[in-house]
Amino acid sequence: MENESPSKKNMPPSCGTLVTILSLDGGGVRGIIAGVILAYLEKQLQELDGEHVRVADYFDVIAGTSTGGLVTAMLTAPDENGRPRFAAKEIVPFYLEHCPKIFPQPTGVLALLPKLPKLLSGPKYSGNYLRTTLGKLLGETKLRQTLTNVVIPTFDIKTLQPTIFSSYQALTDPSLDVKVSDICIGTSAAPTYFPPYYFSNEDSQGKTRHFNLVDGGVTANNPTLVAMTAVTKQIVNNNPDMGTLNPLGYDQFLVISIGTGSAKKEERYSAKKAAKWGIISWLYEDGTTPILDITFESSRDIVHYHSSVVFKALQSEDKYLRIDDDTLEGDASTLDLSTKSNLENLIKLGEKMLTNRVMQMNIDTGTYEPAAENINNDEQLKRFAKILSEERKLRRKRSDKMTKDSSIGSQEIK
């Protein structure tokens with residue numbers, strides 16, 4: 001069995017043949033679904049390479065939005081031994097323990113009171129428990145210290161622009177090398193659910209940068225393209241880690257994109273119905289938040305559409321796997337229902353998603369259809385795990401050879 005270097009980052013793409021990306025959608029409590037799928041993926045990797053390996057050992061970039069940003073941090077934040085603080089199998093227990101406190105449900109008389117007055121006077125939840133928990137969980141870990149490169153989208157409401165936190169940028173722009181806990185709080189601050197999050201960061205030159213953040217889902221609820229763009233930027237900037245990759249060489253990208261499910265296409269809203277809405281109804285209508293539903297769903301689906309077109313055009317559909325389910329019904333489709341029964345149901349839905357047939361987007365209609373090959377998501381994840389394992393072994397072999405050749409060259413010079 002191979003020994004792991006305690007705090008060494010993964011061998012870069014220049015040592016291999018692929019750029020490997022893991023993307024994790026937002027979705028509130030539905031992040032537990034991604035936890036189920038990631039636990040399965042990590043188990044497949046461990047069967048190939050040993051119990052010591054973790055998901056972060058295999059990806060050049062892990063990107064996450066909102067709840068996906070939290071999972072990204074759990075997978076990549078180092079412990080005292082320089083290894084991932086959490087195994088993927090620990091994500092589900094974490095959600096079961098903490099979601100009921102992050103999203104406390106009203107009980108007794110409070111449960112009977114209308115929710116609208118509360119929403120008009122402030123966010124639905126204070127966010128205090130979330131901030132405290134993330135502070136304890138991630139401590140002083142900075143963005144540049146993650147065990148592989150991470151990309152986490154947020155949106156700054158003061159500048160009205162996305163702020164993309166990237167390990168790559170943190171190395172070149174110290175003002176963006178902030179605490180991972182602050183990033184996670186910011187990317188999870190869904191409007192109407194949690195208050196916007198303010199913090200500042202002072203770099204070594206005394207330059208202070210201010211952040212006024214809300215949920216990254218308003219700009220990129222599915223961060224797949226954001227991650228691909230971050231890598232492309234490094235190629236354009238001639239980052240030596242990227243080797244000889246072409247900026248448009250997406251055929252050399254291997255992408256696993258994990259969704260958190262969405263409501264069944266039940267035509268909940270219509271132009272006729274919405275024509276009568278004012279500001280209040282757009283914010284709250286029959287227990288839903290239409291403006292957020294529309295924003296999150298559109299940013300999620302347009303990314304999958306674009307990614308599907310790109311990989312199909314390059315005849316590389318076999319290197320792009322999207323696991324999601326757009327048939328969730330009732331409580332399962334909510335962002336914040338943290339009851340034990342709903343969380344346990346979401347776990348079952350995650351397990352069901354694994355055995356579902358692989359779905360691909362019809363680029364003409366924009367709808368999901370079964371893939372041409374009769375294969376399930378779990379079988380496809382096994383195939384991707386083998387590719388990831390082979391790529392990692394190749395990189396380590398080439399890196400060892402380069403180190404050996406460099407050592408011989410140094411001895412000859414002496």
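Cβ coordinates come from backbone N, Cα and C, glycine included.
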Of the residue ranges 64-68, 79-83, 159-163, 399-403, the one that Swiss-Prot records as motif 'GXSXG': 64-68
Stretch carrying motif 'GXGXXG' according to Swiss-Prot (options 8-13, 26-31, 206-211, 326-331): 26-31
Cβ-Cβ neighbours of Ser66 (active site, nucleophile) (radius 10 Å): 33
Separation of alpha carbons, Ser399 (phosphoserine) and Ser66 (active site, nucleophile) (Å): 35
For the motif 'GXGXXG' (26-31), residues assigned helix / strand / coil by DSSP: 4 helix, 0 strand, 2 coil
Number of other Cβ atoms within 10 Å of the Cβ of Ser399 (phosphoserine) across all protein chains: 15
DSSP residue counts for the motif 'GXSXG' (64-68), split into helix, strand and coil: 2 helix, 1 strand, 2 coil
